[in-house]
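Take this structure first; my questions come after.
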Amino acid sequence: MDAMKNKFWFIQTYGCQMNESDSERYAGQLEALGYHKTEDMELADVILLNTCCVRETAEGKILGKIGELKHLKERNPALLIAVTGCMAQEWQDRLFDRAPHVDLVIGTHNIHQLITLIEERQKASDHYLAADMDIPAFHDLPAKRFQKFFAWVPIMNGCNKFCTYCIVPYVRGREVSRPVADIVKEIRQIAAEGYKEITLLGQNVNSYGMDLKDGTDFSYLLQAVDAIDGIERVRYMTSHPKDMTFAMIDAIAASKKVVNHMHLPIQCGSDELLKKMNRGYTTDHYLELAAYARKRIPDLVLTTDIIVGFPGETEAMFQDTLHLLKRVQYDMAYTFIYSPRTGTPAAKMPDQIPQEEKSHRLQRLMDVQNVFSLEHNQSMEHQVYDVIVEGPTKNDENNWFGRTTGNKMIIWENDGTAAVGDTVPVAVDKGQTWVLKGHLVH
Ligand code: SAH
Ligand code: SF4
Ligand code: F3S
């Protein structure tokens, strides 16, 4: 290969923030190898798809994308195609059977092997698979961060909860917490580099530290992180109602930087179904947590995840979910149609709900939730919020946006006075279901 020629990487990320964060660590390795970023897949020397398999829709989309890459490989046999992440972990070498043009399949614990695998692949003509979960989940890797003022900080990997519908524990392995000292070191560096906001990432942040067996827990971590100078906002994702404690809510309330947004997935409003889902809490317990959080954290923005059409969900159970939405009145709910995942207990449960009924329930659920989303956003009208400027919106260069501490997106007409990364006061003029419109306060 021409030594003078620039080499490019292209990464597409699917799934959750954990994958976003992993992608940054893949990018860091590619940069170390001398590759540069390209937005144009056609120009890339390495294409990496960092995948998700949480629902069938995600998997279908990714398989389609992998298929599309075939013609690029035919045109340029030197092109290196890597499929990484949760779907790679699930499919292993079956992916080579399905798509022989894929060069590398890399699982969730093998991120650090990218450089070696690329080198091996360039020497030989074989495919390579690295998807062994019996190795440490965290490796000291440089991240090439995709954003300038917002940084992901993984605090743990894996999940021990085994909700009966969910594939994550099978593809991410058991819970492993990163030591507090490593996390604090990374955040200090992030702060020194000028980042303003961090998000602590884990499938279940509230069980952080349990495996360390030294008394460390999420409250302790929050206190340690809160004390780091330079960071303005600390977010955390995702909370689990079984492991979230009142003491953790107190720690959030007592902190200076931990934001007033809590994402607390309930999944459904029926105790019977929660049991079948193996969620480990009742709706009563959930409501107590939510009420306590609202009492202790001023202006709390509460969001959730809901699954409709879990096997055996009757109309009455679905009504319980609608009722719960009306009681809690979330700021926003991420709503999903139950998707059977091979290997999970729920996929084999009786009384699977027909697709049409699932879609109909999803629509009814969204109709109920949208009213509350709109009401919450309208209640913010004529008030001023501090927003960290993220830049122009996708559709219109003149409209800029940023987020409040509660993670609400506000859009305003850019007058050139606010720069990306500034924290500025924005007055809300109009609350809509998904977004707020406002103007900069001068
Ligand atoms: N660990 C987090 C989120 C994991 S995945 C948590 O426990 O909340 C994000 C969301 O995807 C879940 O909260 C759930 O609502 C949804 N989800 C997971 N598996 C699913 C499945 N098989 N079908 C539909 N939705 C699913
Ligand atoms: Fe999946 Fe449940 Fe773990 Fe969340 S807590 S990742 S839904 S098994
Ligand atoms: Fe998907 Fe894996 Fe995240 S399955 S939701 S990318 S942990």
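Cβ coordinates come from backbone N, Cα and C, glycine included.
Whatever TrEMBL says is automated annotation, not expert-curated.
The model shown is predicted, which means the values in this text are computed figures rather than measured ones.
The annotation domain 'MTTase N-terminal' is assigned in TrEMBL to 7-123. Look at TrEMBL and you will find C16, C52, C86 tagged as [4Fe-4S] cluster 1 binding site. According to TrEMBL, the feature domain 'Radical SAM core' maps to 145-375. Annotation source TrEMBL lists [4Fe-4S] cluster 2 binding site at C159, C163, C166. Per TrEMBL, the feature domain 'TRAM' maps to 378-442.
How buried are these features, and what lies next to them?
The DSSP breakdown of the domain 'MTTase N-terminal' (7-123), given as helix, strand and coil counts, is 63 helix, 25 strand, 29 coil.
Counting only residues at least six positions away in the same chain, the Cβ atoms of G15, N19, T51, C52, C53, V54, T108, I167, V168, V171, R172 sit under 8 Å from the Cβ of C86 ([4Fe-4S] cluster 1 binding site).
For the recorded site, C159 ([4Fe-4S] cluster 2 binding site), the DSSP three-state label reads coil.
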When the Cβ positions of the binding-site residues C16, C86, C159, C163, C166 are compared with the atoms of ligand 3, which fall under 6 Å?
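Within range of ligand 3: C16, C86.
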Return the count of C-beta atoms lying within 10 angstroms of the C-beta of C159 ([4Fe-4S] cluster 2 binding site), excluding that atom itself.
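Result for C159 ([4Fe-4S] cluster 2 binding site): 22 other Cβ atoms within 10 Å.
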Can you tell me whether DSSP puts C166 ([4Fe-4S] cluster 2 binding site) in helix, strand or coil?
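Assignment for C166 ([4Fe-4S] cluster 2 binding site) reads coil.
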Listed binding-site residues are C16, C52, C86; which sit with C-beta under 6 angstroms of ligand 2?
none
Among the binding-site residues listed here, C16, C52, C163, C166, whose Cβ has the fewest other Cβ atoms inside 10 Å?
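Across C16, C52, C163, C166, these binding-site residues, the one with fewest Cβ atoms within 10 Å is C16.
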Filter the binding-site residues C52, C86, C166 down to those with CB closer than 6 A to an atom of ligand 1; keep them in sequence order.
C166
Using Cα coordinates, what distance in whole Å links C16 ([4Fe-4S] cluster 1 binding site) and C159 ([4Fe-4S] cluster 2 binding site)?
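Distance (Cα to Cα, whole Å): 14 Å.
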